[in-house]
Amino acid sequence: MDVLKLLPKTELHCHLDGSVRPKTMYELLLKEGIIEVNDFREFEELVMVKDDCKSLIEYLKKFQYPLSIMQKKENMERITYELLEDLNAQNVKYVEIRFAPYLHTKEGLSFEEVVESVLVGMERAKKDFGIWSNAVLICMRNERVEESIKVIKNGAKYIGKGVVAVDLAGNEQDFPPEIHQKAFNLAYDMGYNITIHAGETGIAENIPKSIELLHAQRIGHGIAAAKDPKVMELLKEKNIFLEMCPISNLQTKSVKSIEDYPIRKFLAKGLKVTVNTDNITVSNTSLEREYQLLMEKLDFTIEEVVGLIQNSIDAAFIKDNERDILRKKVDEELRNMELI
Ligand SMILES: O=c1[nH]cnc2c1ncn2[C@@H]1O[C@H](CO)[C@@H](O)[C@H]1O
Ligand SMILES: [Zn+2]
């Protein structure tokens, strides 16, 4: 849909390792001898999930491929830069890119080298394309709390220099939020913004736990809240934004079908909802595809899509003066498109 293509957009939940430009991943995986496939279609089967994916745990297996090539400074910088180049071409004005630094230190890079290569890629893209981005550092749920503490301590020097927040991601089913409470208390004291993946795989209680024990200001996915009016009430009362990712949620079987997707229910309850991609390559998606799905299957109007984008500007981890600038830029284009 042309209007969706042209719409000025913002993206708050996008994993770098899940969003490597496919051609680049193919090139680097072949070059480094990690895969031996002889056509691009076969390669896509390996690195993207299909509709028959059974669970989040199965979905997470796809990340071994991008992670195997994201162990060098030049690759980290290139992948970040290319992601931003592609998002800029889709008229994305602002994006928060998230990654787990320690997943990129398996072959010798230091924490600092990983983070700085991403920040350099972001800077270069800003200069060349004008697209604005910030980084979110991820702690992995399956690691011990000491590992999360290391991410938070080592990352603190980048707060305000491109890093804006920390997150907790990975296997939610087996690793509840409280394991990492000590780390997120520290993150809170150090001045990070905090977003937590919670309620992605049906465990509603992880949402209040993430808010009350881990200081979450935003919740990644959060769809299990639909099962529990008290949890929805808490999200509303605390003004917590949800980072919803419909296509990823369908693939991980967090919901049975798009008709069961609780986005309308959340909006009706007055919750603040944003829509994001999660993993552009692994999920084979884009913001345009996500919005299109909502319009085709859940009867969203273009005005409602614009409302989601405006929520996402409100939810961004940026300073109020920066928010004003972003809002102005987006509103001007929306006005030219006669959408506001
Ligand atoms: O939807 C998701 N839910 C939980 N964890 C995820 C999701 N997508 C990606 N990751 C995890 O986050 C790591 C760093 O980006 C990825 O390697 C993957 O393990
Ligand atoms: Zn995610």
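Using the three backbone atoms N, Cα and C, a Cβ is placed for every residue, glycine included.
In TrEMBL, annotation is done automatically, which means it is predicted and not curated.
Now, the feature entries from TrEMBL:
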- 8-332: domain 'Adenosine deaminase' (DOMAIN)
- His13, His15, His197, Asp278: Zn(2+) binding site (BINDING)
- His15, Asp17, Gly170: substrate binding site (BINDING)
- Glu200: active site, proton donor (ACT_SITE)
- His221: site 'Important for catalytic activity' (SITE)
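Annotated features, which come from TrEMBL, shown on the structure.
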{"residue": "His13", "record": "Zn(2+) binding site", "DSSP class": "strand"}
{"residue": "Gly170", "record": "substrate binding site", "DSSP class": "coil"}
{"residue": "His197", "record": "Zn(2+) binding site", "DSSP class": "strand"}
{"residue": "His221", "record": "site 'Important for catalytic activity'", "DSSP class": "strand"}
{"residue": "Asp278", "record": "Zn(2+) binding site", "DSSP class": "strand"}
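Glu200 (active site, proton donor) sits 5 Å from His221 (site 'Important for catalytic activity'), taking the CA atoms of both as reference points. Whole-number maximum of the Cα to Cα distances across the substrate-binding residues His15, Asp17, Gly170: 13 angstrom.
Only Gly170, His221, from the recorded positions Asp17, Gly170, His221, place their Cα within 10 Å of the Cα belonging to His197 (Zn(2+) binding site). For the recorded positions Asp17, Glu200, Asp278, the greatest number of Cβ atoms within 10 Å around a candidate Cβ is found at Asp278. On the backbone, the CA of His15 (Zn(2+) binding site) and the CA of Gly170 (substrate binding site) stand 11 Å apart. There are 28 other Cβ atoms within 10 Å of the Cβ belonging to His221 (site 'Important for catalytic activity'). Contact annotation for binding-site residues (His13, His15, His197) versus ligand 1: His15, His197, each with CB under 6 Å from a ligand atom.
His221 (site 'Important for catalytic activity') sits 18 Å from Asp17 (substrate binding site), taking the C-alpha atoms as the reference points.
Here the CA atom of Asp278 (Zn(2+) binding site) lies 10 Å from the CA atom of Asp17 (substrate binding site). For ligand 2, there are no nearby recorded positions; that is, of Asp17, Gly170, Glu200, His221, none has a C-beta under 6 Å from one of its atoms. Shown in sequence order, Leu16, Gly18, Leu60, Phe63, Arg98, Phe99, Ala100, Leu103, Ile138, Ala169, Asn279 are the same-chain residues outside His15, Asp17, Gly170 whose Cβ sits within 8 Å of the Cβ centre of the substrate site. Its Cβ placed at the centre, Gly170 (substrate binding site) has 20 other Cβ atoms within 10 Å. Sequence-distant contacts of His13 (Zn(2+) binding site), defined by Cβ-Cβ distance under 8 angstroms and a gap of at least six in the same chain, are Glu96, Arg98, Thr195, Gly220, Glu243, Cys245, Thr274, Asn276, Thr277, Asp278.
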